[in-house]
Amino acid sequence: AAVPARLWGGRSRCAGHLELLFAGTWGSVCAEGWDPAAARVLCRQLACGRPRLIPAACGSTAAGAAPAVLRRVQCTGQEPDLEHCILQPGNPSPCPTDR
């Protein structure tokens, strides 16, 4: 099954806060579990070209973002979409903040 993704709050459909639909709930991914390879796959899935910066929320609620539903999204960067990546569910605890 596909993992729907959306970016919201940005100036275009290819900008904004990342949310994924996982186990029936829209939520974010901890920043510690999101990397440039995952961003490449997301941008390919959304037909948004090359990624620049895709910040991810960390902790239970960050800057109005949905609670984290995935601890980590592990991709090689070659996958056609996020459902082919390794998805680790769960809200990180404790979740380190970005510096």
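Even glycines carry a Cβ here, placed using N, Cα and C.
Database features, via TrEMBL:
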type	residues	note
SIGNAL	1-31	signal peptide
DOMAIN	5-99	domain 'SRCR'
DISULFID	CYS75-CYS85	disulfide bond
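Its own atom aside, the Cβ of CYS85 (disulfide bond) has 20 Cβ atoms within 10 angstroms in the protein chains shown. For CYS75 (disulfide bond), applying a Cβ distance below 8 Å and a minimum sequence separation of six or more within one chain yields ASP35, ALA37, ALA38, ARG40, VAL41, LEU82, HIS84, CYS85, ILE86. Predicted-model confidence for the domain 'SRCR' (5-99) is 81, expressed as mean pLDDT.
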